[in-house]
Amino acid sequence: MYDPPPAHLPRRASRLVPAERSKGLAIALLSVLVITPDAMFIRWAKMLGASIWQIIFWKYLAASAIGISSGVCLLGGLGPALEGTLAAPGHVLFASLLQMLSQIGFNIAFLKTSPARAMLFISLNPLWTGLLGRVCLGEVLPTRTLVALLFGAVSSLIVFIPALVCAAAGEASDAGSIAGDLIAVATGMVLATYVTFMRYTLHWRAEASIDLSAGLGNALCCAAMLLVLISTESGLTHNLGTTFVAVITVDAICISSFYVGFTVAPRYLVGAQLALILLLQTLMTPLWVFLKFGDVPSSWTLGGGALLLLTLAAHELVSLCGRRADTESDDFEWPSPSVSESGNGPVAARGEEAGAASLNGDKDGAGFEYRHFGDAS
């Protein structure tokens, strides 16, 4: 369980704003939508003659440049970004390493096991996120969210049933699939850890330039792929053309847009709900593959996607009803975020009163109960 920093260390007001949950929901949905074509672009680039290592290197090279630039803008400029990095270098480095590990694990899992099994095990990350949020941050999830997490896991399982049946029949029973399965599970855990650590840092070390972690993580991933390319015969530009550059550029823009939203959304959403929304990527990816290559999604994919959409819609409907009931109650008051003029740099920080009200036993607009980070209960 995370403990707060020593009291003598100066820190900015918490940047978590659970009262503005609807904003976080919109950002998360848009972020997931823009990254759904990623698998289609990867397949397209591979058909153009590029190796998987070339695709990863150039994709994350462009994504890191865009991500770091976006992070600097979110932090208010290069000066505040450097100041925040020096204020909490360990937090920025650890978040960047988690980002790098999730990216490398995602790609290696697809090389070591079947795509269906990899996506299934990675899609378990909402469960890990909910568990880490409860244990480490004291986030108490309402029953409806726990039920939604369960149905989200079931919807992912439905999508991959045909491939899992084929694997059980012996078509993907090679020894490498066991390692791939473990890597996929670990990738989902790393992703959950990243979301949880982001929320911890946004509250306890809000002065940290955590907005740079996505771009820096992509840069570290790019550096790792460069070492692989140097040790192989494929080279950086071998067999690549202008069409490949265009495809990778568009894909990098999509990925960078996702990570910008993924950096902002944890300020407004509980980690478990953010991870639940991320499941839409798994279920919408086949649609882009169908539009480009004509691969018709199976009935299992359509059924799993319909179940997840219904689950998310029902969860939001129940949350809306609960929000209206709380608004009509005399005992309920919305936490009112304010902008702190103090602190290091011009990054907009939320008032201490709003952060304290939201994180010491109160509930946000969706009924999530927050307790002080580090409490045992």
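Glycine is treated like the rest: Cβ placed from N, Cα and C.
Residues or ranges marked as region 'Disordered' in TrEMBL: 328-366. Summarising the annotation, TrEMBL assigns transmembrane segment to 25-45, 57-79, 91-111, 146-170, 182-200, 212-231, 243-262, 269-291, 297-314.
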Counting Cβ pairs under 8 Å to the transmembrane segment (243-262), which of 25-45, 57-79, 91-111, 182-200, 269-291 comes out on top?
25-45
Any residues 6+ beyond the ends of the transmembrane segment (91-111) with a Cβ under 8 Å from its own?
52, 56, 60, 84-85, 118, 121-122, 180, 183-184, 186-187, 190-191, 193-194, 197-198, 201, 205, 208-210, 212-214, 216-218, 220-221, 224
Counting Cβ pairs under 8 Å that sit 6 or more residues apart, are there three or more between the transmembrane segment (182-200) and the transmembrane segment (269-291)?
yes
Selection from 25-45, 212-231, 269-291, the stretch that has most Cβ pairs under 8 A to the transmembrane segment (57-79):
212-231
What parts of the chain pack near the transmembrane segment (212-231), using Cβ distances under 8 Å and only residues at least 6 beyond its ends?
53-54, 56-57, 60-61, 63-72, 75, 81, 85, 92, 95-100, 102-104, 198, 255-256, 259-260, 262-263
Same-chain residue ranges lying at least 6 outside the transmembrane segment (269-291) that approach it to Cβ under 8 Å:
18, 21, 24-25, 28-29, 32-33, 35-40, 43, 119, 123, 125-126, 128-130, 132-133, 137, 139, 141, 145, 148-149, 152, 155-156, 159, 191-192, 195-196, 199, 297, 301, 304-305, 308, 312, 315, 364, 366, 368
